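Record features (Swiss-Prot):
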BINDING   Thr231, Ala232, Glu233, Glu285, Ser384  L-serine binding site
BINDING   Arg262, Arg263, Glu264, Val278, Glu349, Val350, Ser351, Ser352  ATP binding site
Amino acid sequence: MLDIRLIRKEPKECESRLQKKDPAISLERLLDLDKTVRQLKADSEALLAKRKVLSGQIHKAKVANENADALIQEVNTIADQLVAFETTLQEQEALLEDLMARLPNYPDEDVPVSPDKTGNQVIKGHGEVPTFPFPPKHHMQLNEALQILDFKLPAKTTGSGWPAYCNEGVLLEWALLTYLLNKQQAHGFQLWLPPLLVKRDILFGSGQIPKFDGQYYRVEDGDQSLFLIPTAEVVLNGFHSQEILNEQDLPLCYAAFTPCFRREAGAGGAHERGLVRVHQFHKVEMFAFTTPEQEEVVYQKMLHVVEEILSELQLPYQLSLLSTGDMSFTAKKTIDAEVWLPGQKAFYEVSSISKCGDFQARRSETRYRDAQGKLHFVNTLNGSGLATPRLLVAILENYQQADGSVVIPSVLRPYMNNQEILLPKTVR
């Protein structure tokens, strides 16, 4: 949520900044509504003040045994007016709040302006894109012999886009997750296994609704709806909603492992088959609450963790600064870590590290008290640390051998009983 006071003070500047994300944004309707709401409040306060004066006059008239019928009639008229004002005020405030809730976060000044991902800027590359002395296979082709993933059986039970891991695929997935969690803990992140369902107001607080309403799986629990989380960011942000934290306790750096649920899987087209885009996947998510002064230090810490993981896995990757048209609704700055997928012949995002400023904190009402006792909204940051499906794809495709086997990265072997290679089923 943005600060309405800044919008009132600098409407043209705010509109210009927002249009870098969405050129269609106009603040005219919002400003008109804000003016109407403030006028209604002023008129209501004036009527309340007048009623107070009249009530005093009625009291004096009664004490003096004077006729107060006209005064009483005027007070009754004011009461009716106040009821009408309150109804109108509630309606107008609801419209204003909805418009405010649909405005995205302002992008930082150093974010490239572009309507889409074509404006993203590669700011760092690491490792060489592999060349193979044989025709490299897509991970789905490798899986035909390895048999570590199954798409047919879960399609019967659940539908397309819901893969199942099997055999050594289960071990490799858990090896990855254990390695990722150990890495987060080593860097000082507090580990969590949070709930997978959240209330609607928690989705609102993290910025998922109202803009993306209807894109999340919902579970009915009596008269209450709960939502399956699209990322642990949602629930971690909600942990401290409507709280006042102490400045000396910041930053709070959390890392959570959860399954994540996305309804839009498959939107990338048939070429993104397999694990590249699915409805359910595992992810380790980093999340932090900071002061504005701590924000950049924690941001660099998150970037460092992601780069360390990809470097230790010896995967070729690049860092891309996202343009305004490719950033999320809540982010003011995002850097994507992208790994090379030989099967796609392209770099694919495995982690997004974002600064959100006080945008989520305003929606969630999360503040901190400084040493002087003054209250401020916290800043929030989030970063994938990391999502495993594409990471698994990257390992399978970059570590593949001519015979269809796949070498297991050395950092994962301790979590797989020191197994060094995945062999095709026919040679086991």
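Numbering starts at 1 and runs along the chain as it is shown here.
For all residues, glycine too, the Cβ spot is worked out from N, Cα and C.
A quick note: this is a predicted structure, and the numbers were derived from the prediction, not measured.
Take the mean position of the Cβ atoms of Thr231, Ala232, Glu233, Glu285, Ser384, the recorded L-serine site; other residues of that chain with a Cβ within 8 Å of it are Val234, Leu236, Ala256, Thr258, Cys260, Lys283, Val284, Met286, Phe287, Asn382, Gly383. Proximity to Val350 (ATP binding site), judged by a C-alpha distance within 10 Å, picks out Ser384 from the binding-site residues Thr231, Glu233, Ser384. Considering only the binding-site residues Thr231, Glu285, Ser384, Arg263 (ATP binding site) has Thr231 as its nearest partner by CA-CA distance. By the criterion of other Cβ atoms within 10 Å of the residue's own Cβ, the least surrounded of the binding-site residues Glu233, Glu264, Glu285 is Glu264. Counting every protein chain shown, 20 other Cβ atoms lie within 10 Å of the Cβ of Val278 (ATP binding site). Across Thr231, Ala232, Glu233, Glu285, Ser384, which the record gives as binding L-serine, the greatest C-alpha separation is 9 Å. Using a 10 Å Cα-Cα cut-off around Ser352 (ATP binding site), the binding-site residues Thr231, Ala232, Ser384 reduce to Ser384.
With every protein chain in view, the residue among the binding-site residues Thr231, Ser351, Ser352, Ser384 whose Cβ has the most Cβ partners within 10 Å turns out to be Ser351. Taking the C-alpha atom of Ser384 (L-serine binding site) as reference, the shortest distance to any of the binding-site residues Arg262, Glu264, Val278, Glu349, Ser351 belongs to Ser351. Ranking the binding-site residues Arg262, Arg263 by how many other Cβ atoms lie within 10 angstroms of each Cβ puts Arg263 at the bottom.
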